[in-house]
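A short write-up of the structure that comes next.
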């Protein structure tokens with residue numbers, strides 16, 4: 001048991017005052033059900049709390065980072081960041097899958113790799129940090145694990161820049177947006193596409209990629225960066 | 001304009017460092033659209049933030065208050081507290097309806113009394129307090145305005161105690177729950193019903209009310225209080 005607390009201290013610089021909270025965060029209800037005599041608490045209450053803490057920390061970050069974005073756009077990006085596929089992959093990066101206390105039945109059914117379960121554990125860990133050390137410690141963890149990725153653009157696979165650009169340009173009425181293929185080069189297995197995006201008779205951005213779709217997203221991203 | 005800031009200081013003991021935030025919270029998009037030359041910001045970004053702040057403060061309160069409640073039950077109560085009818089009535093109690101800057105069109109269509117609009121303003125005010133003074137000030141406001149009501153049981157009209165009791169009793173399997181009418185007295189316009197609720201061959205609670213429905217809810221509440 002001590003190993004988990006040590007790993008958490010090493011990886012995230014968080015030393016729990018109450019280590020029971022840490023273990024509660026990693027205790028799935030299936031484990032509690034199979035060990036009733038231990039009278040353990042599963043992680044669902046902590047998940048309830050951590051979910052709300054995560055939401056406010058990410059909202060605060062988006063609010064301060066995208067000062068010119070409207071509410072709808074922040075809400076969409078938040079939904080892309082705080083969603084099961086995203087949180088479950090963060091849980092794995094943090095090695096939380098190794099720490100979970102699972103019942104045998106759930107384990108045999110592959111529960112340890114189940115995205116919904118990993119997502120819950122990620123949120124309950126945040127709930128435990130918040131309870132043990134307050135919102136700033138929870139923010140520091142979220143910052144270290146999630147927001148640095150956001151800054152490195154690791155969310156680009158979930159960001160739809162073409163839709164964002166369209167929304168940005170059409171704020172004051174309809175605008176015709178064109179994606180123009182400038183060139184297409186290279187052998188089939190390493191094709192390279194060059195695209196530019198135009199509106200108002202101007203070139204707004206350029207992008208490259210191994211498919212037309214990727215090159216267009218890249219051009220839209222480039223245009224958004226120069227607009228915002 | 002100064003009057004609003006004075007009222008807020010008097011009613012909630014909150015003196016804004018940046019009063020622009022306060023006025024932004026009370027600025028509806030319809031007003032911004034009708035006064036484009038003023039280049040105002042509407043309250044929707046603050047609402048995005050305030051919504052998340054409210055969620056975490058209420059979650060924290062429920063977590064600490066109902067230590068034996070499971071996640072599902074806290075989630076249901078949170079949804080009853082943080083919902084449009086509830087928040088719009090708090091907005092009115094705070095006189096926020098009087099402070100909103102609305103466009104003429106929206107005003108003429110009765111926007112000032114529209115629950116969705118009032119609910120948004122309540123959340124954007126919380127967002128403004130959070131930005132200006134941090135989460136503890138937001139918590140103090142929510143505490144003063146909402147949580148004291150919760151303690152006074154002012155949410156009883158939205159609480160479904162019969163369902164809660166059923167969930168509580170059926171945690172470990174099916175249980176037959178009976179509501180028994182003990183008496184029904186008084187003239188038609190002031191009828192009084194006496195009800196008791198039974199399970200496991202025992203009387204769990206008693207309640208009274210001007211209708212059978214109200215008396216049953218009251219009995220369920222009484223039973224819950226003795227169980228939890």
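Glycine too: its Cβ is placed from the backbone N, Cα and C atoms.
Since this is a predicted model, take the numbers as computed values, not measurements.
With a 10 A radius on its CB, residue A:51 (active site) counts 23 other CB atoms from all the protein chains. The active site annotation in TrEMBL covers A:51 (among others).
The active site feature in TrEMBL is assigned to A:123 (among others). Sequence-distant neighbours of residue A:123 (active site): residues of the same chain at least 6 apart with a C-beta under 8 Å from its C-beta are A:46, A:47, A:50, A:51, A:54, A:87.
In the three-state DSSP classification, residue A:123 (active site) falls within a helix. The Mg(2+) binding site annotation in TrEMBL covers A:47, A:120, A:123.
Residues annotated as domain 'RNase III' in TrEMBL: A:5-134.
As annotated by TrEMBL, domain 'DRBM' applies to A:160-228.
Look at the binding-site residues A:47, A:120 and count other Cβ atoms within 10 Å of each Cβ; A:47 has the fewest. Each of A:43, A:44, A:46, A:48, A:50, A:51, A:119, A:121, A:122, A:124, A:127 belongs to the same chain as A:47, A:120, A:123, is absent from that list, and has a C-beta within 8 angstroms of the C-beta centroid marking the Mg(2+) site. By a Cβ separation below 8 angstroms, chain B lies close to these of the recorded positions A:47, A:120, A:123: A:47. Across the domain 'RNase III' (A:5-134), DSSP classifies residues as 98 helix, 2 strand, 30 coil.
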